[in-house]
Amino acid sequence: MIEIKNIAKTFGDRQVLAGIDGTFKPGDTSLIIGGSGTGKSVLLKCMIGLVKPDSGEVLYDGRNFLTVDLESQKAIRREMGVLFQGSALFDSKTVLENVRFPLDMLTEQSESEKLDRAQECLQRVGLENAGDRMPSEISGGMKKRVGIARAIVLNPKYLFCDEPNSGLDPLTSIKIDQLISEITDEYKITTVVITHDMNSMMEIGEKIMFLYKGNKLWEGDSNTLTQSSVPELNEFIFANKLLREMEK
Amino acid sequence: MSRLGHYFIFLGSLFRNREKMRVYLGLILNECTSIGVGSIFIVALVNTFIGAVTCVQTAYNLTNPFVPKNIIALIVRDSTILELAPTLSCIVLAGKVGSNIAGELGTMRITEQIDALEVMGINSSSYLVLPKVIASVLMFPLLVMMAGFLSILGGYIAGVLAGVISPEDYVSGLRFDYKPFGVTFALIKTVVFAFLVSTISAYQGYNVSGGALEVGAASTSAVTNSCIAIVAADFILTQILLT
């Protein structure tokens with residue numbers, strides 16, 4: 001379980017996060033939603049240690065990530081898998097080498113064990129035949145799937161996905177969402193997804209947190225999302241014409 | 001001053017919380033190939049012509065009949081070993097290797113590849129930069145030795161073909177009043193320049209924020225700052241080692 005308590009962050013004189021609290025449970029796909037510039041990505045970066053918050057706590061099964069020593073922090077990091085917005089695959093490595101990379105760097109497994117595990121993960125995301133290709137030779141959707149394979153290769157307890165659907169067509173987006181949701185359920189991972197994609201919210205939002213101007217304005221799930229009385233959330237959800245008409 | 005402070009903190013981060021040595025060996029070999037083998041052609045070409053031009057221009061300026069012809073070769077030799085081969089080669093390498101390092105790291109930064117390393121618990125600066133620094137420190141001196149040889153050879157070929165000096169005079173000039181410390185001095189300078197070029201370029205690239213425009217600007221700054229550092233270090237080292 002991941003708990004965040006009173007996370008605040010200011011850049012210069014601009015407050016990006018104003019004391020965010022939340023709990024993310026194992027086996028749930030939790031979504032953090034909100035418009036651009038509301039602090040979603042900064043919150044994620046605070047949670048995974050890429051940005052140091054000004055105040056607050058990030059607890060991974062009770063371990064405060066921000067105050068533990070370096071070795072414990074490394075141990076927590078090794079329990080994390082992160083899918084970045086642009087997939088962040090290493091350009092100079094093949095798809096298989098990208099997936100194998102965490103195993104090469106962080107484990108003492110034999111060559112055959114590492115190869116088997118990397119192939120297994122590629123198979124899990126449906127890319128067992130793409131191992132020899134370079135990231136530049138595959139599509140955006142495939143890159144996301146390779147990113148997921150790399151994120152789960154170490155059997156993480158916590159999976160973070162930063163806008164996994166950005167730049168993808170609706171059908172591929174849904175496939176990626178379903179893959180994340182299945183993996184979360186299968187391995188009982190605590191998954192946190194940053195998104196502003198309505199399909200994702202309705203499809204996989206077991207728990208949803210709405211951020212607005214650095215504040216948490218609403219918390220619920222995909223069933224209650226459209227019935228909220230928070231005007232900012234309604235404005236965000238019913239931003240497009242089709243949904244506005246459906247609301248009427 | 002604050003950027004200088006950040007640069008030294010960055011240097012410190014290369015050696016703290018390093019990965020296991022076996023991780024670096026393969027990376028260093030790859031970088032040696034990229035930095036060393038990949039730079040042979042440009043360094044060879046530039047230095048051969050520089051040697052040729054130095055010889056012909058020296059001959060053109062030595063009009064006094066009382067000055068022996070072999071002095072031309074002596075001037076080519078000393079200017080090559082003491083200055084042209086190490087300094088000019090490293091300035092060329094700052095353009096080629098420095099911009100490459102800054103561009104590569106800058107692109108990795110803006111495409112979140114460096115963040116991906118960090119969240120895995122890998123010291124990204126050490127993993128990405130240290131192999132480049134070690135490879136530069138190993139390969140630059142080899143390139144400069146080759147550069148010195150080719151520059152003197154270029155001077156010989158140009159001098160003989162242009163008829164400004166005979167082969168015998170050239171060889172005798174090369175041997176006249178030779179001080180072996182010149183080579184040591186050149187190699188010391190090269191190691192320092194290699195460290196400066198690789199770390200300054202890596203610092204510029206590693207700390208990029210923004211997009212393609214900023215990566216381009218970082219590459220330009222990497223080359224500019226490396227060249228400034230080279231000429232400043234050149235003066236300081238000359239003062240320390242030759243006076």
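For all residues, glycine too, the Cβ spot is worked out from N, Cα and C.
Per TrEMBL, transmembrane segment is recorded for B:21-46 (among others).
The transmembrane segment annotation in TrEMBL covers B:133-161 (among others). Cβ atoms under 8 Å from those of the transmembrane segment (B:133-161) belong to residues 14, 24, 28, 31-32, 34-36, 39-40, 43-44, 46-56, 59, 72-73, 76-77, 80-81, 84-86, 88-90, 93, 97, 167, 170, 174, 183, 186-187, 190-191, 193-195, 197-199, 202 of the same chain, restricted to positions at least 6 beyond its ends.
If you look up TrEMBL, you'll see B:181-203 (among others) marked as transmembrane segment. Using a Cβ-Cβ cut-off under 8 Å and counting only residues 6 or more beyond its ends in the same chain, the transmembrane segment (B:181-203) has close neighbours at 6-7, 10-11, 14, 78, 81-82, 85-87, 89-90, 93-94, 97-102, 105, 125, 128-129, 132-133, 135-137, 139-141, 144-145, 148, 222-223, 225-226, 229-230, 233-234, 237, 241-242.
Per TrEMBL, transmembrane segment is recorded for B:223-242 (among others).
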List, by number or range, the same-chain residues at least 6 past the transmembrane segment (B:21-46) whose CB is under 8 A from its CB atoms?
88-89, 92-93, 96-97, 100, 127, 130-132, 134-136, 138-140, 142-143, 146-147, 150
